[in-house]
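Taken straight from TrEMBL:
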type: BINDING; residues: GLU81, GLY82, THR83, ARG114, GLN128, GLU132, ARG259, TYR263, TYR264; note: L-histidine binding site
type: DOMAIN; residues: 8-332; note: domain 'Aminoacyl-transfer RNA synthetases class-II family profile'
Amino acid sequence: MIYQKPKGTADILPGESEVWEKIEKISRETFKVFGYQEIRTPIFEDYNVFARNVGDTSDIVTKEMYDFHDKGNRLLALRPEGTAGTVRAYVENKLYGPEYPKPYKVYYMGPMFRYERPQSGRQRQFNQIGVEALNSESPEIDVEVISMAILLLNKLGVHNVKLVINSLGNDDSREKYRKALIEYLEPYYDNLSEDSKKRLYKNPLRVLDSKDEQDKKIVANAPSILDYLDDYSTKYFEKVKKLLSDLEIKYEIDNEMVRGLDYYTHTIFEIMSDSKAFGGKWTTVCAGGRYNGLISQLGGPDKGGIGFGMGVERLILLLKQENPDFLNAKGPKLYIVSADSQGDKLAFELMDKLRKKGVYVEKSYSNAKVGKQIKDASRRNADYYVVIGKNEVRSHQLKFKKLDSDTEKLASFEELISNPQDILN
Ligand code: ATP
Ligand code: MG
């Protein structure tokens, strides 16, 4: 019996895992200069951290969650996203106390789970790198979070993206808009999809996010949320736009964008690409927004927050297309070829000494012919190789040859060990 991985999951194998490490490293470095620190929360949480007693009507929560009862009959769910768990931890650990910085800035990276139909860039276990600025309510923070996402993409070598923003306003604005939307949609009731019918009175904003073609046509002429924002929400959104322009960040406004979760308020955004990697179809790589009601819904103070989640699988598809160099995994600095058993003994010692100095070295572990070992060096993409046989054992003089050129360097065994970086550069 050969087992297969569950549908919608992936093995990240050597070769690819280096890419993940590099993305994670650049993310950490980027977040650090903005003052974000890592938070690690459980992969599963109480079901209601996400559902909030079915206050959430989104697909993610109502249809796609991996929820289950454990052996103690607790209702749990594998996290479908990072924000709710982070807010749960923030509230439980009272990180809003006066002794903590405000905003409280954190980032996370790890797997998320959604029961979706797997396809390119869409899995059931996928990964997000995300940030949250908790205990914050300021257009500056919103723009900081957006600019950080764009900077991260740029640092990864992705430049061809567009930023799309919208505002959902505060509760008052949303309530007014909700009413207007119901009024607009009611005459079309019979033509709406079953999902949208169900959502019309519970959360009509969800209808705007419907993927159903008929729904999309109906929604095309719906009133715009932007016409229902109250004074505070309008000014807030104006300020966000002004600050984006001050930082020379280009954006488009999409007043139909509502995002996939119910807790958003005010600023929401998506960073999209129509790269060949996505068959030229506009695809969201990074998405986020402000959630001013969520902290209090989860038992904390009435404070706001904003964050984003970047889908790592989609990011890698994009990187492969837009910045192929990013993926070139480095081979060993040096590959030691041994010509005979005496040489092999010295090679083994040399390898040990160099590794202790932090140099990536490989050798052959078989008694293959010299030519075969050199081929192996090339297959492993080594920078240099050196052949060690009787003569080298006697003289301790070594000749290093660069694999992709005629460059040769001479150095003694001892020189190499005391100064490997210089000799193998
Ligand atoms: P979509 O509309 O593409 O389903 P979403 O609105 O459900 O996206 P979010 O919940 O905002 O997505 O998650 C943020 C990012 O996480 C997405 O932009 C995407 O890059 C990634 N993502 C979401 N779901 C998946 C998935 N099933 N597989 C891979 N990546 C995903
Ligand atoms: Mg989705």
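Backbone N, Cα and C define each Cβ position, glycine as well.
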What whole-number value in Å do you get for the largest C-alpha pair distance within GLU81, GLY82, THR83, ARG114, GLN128, GLU132, ARG259, TYR263, TYR264, the residues recorded as binding L-histidine?
21
For the binding-site residues THR83, GLN128, which one has the sparsest Cβ surroundings, going by other Cβ atoms within 10 Å?
GLN128
Near TYR264 (L-histidine binding site), how many other Cβ atoms are within 10 Å of its Cβ?
25
Give me the count of other Cβ atoms within 10 A of the Cβ belonging to ARG259 (L-histidine binding site).
21
According to DSSP, folded down to helix, strand and coil, what is GLN128 (L-histidine binding site)?
strand
Once the chains shown are all counted, how many other Cβ atoms turn up within 10 Å of the Cβ of GLU81 (L-histidine binding site)?
20
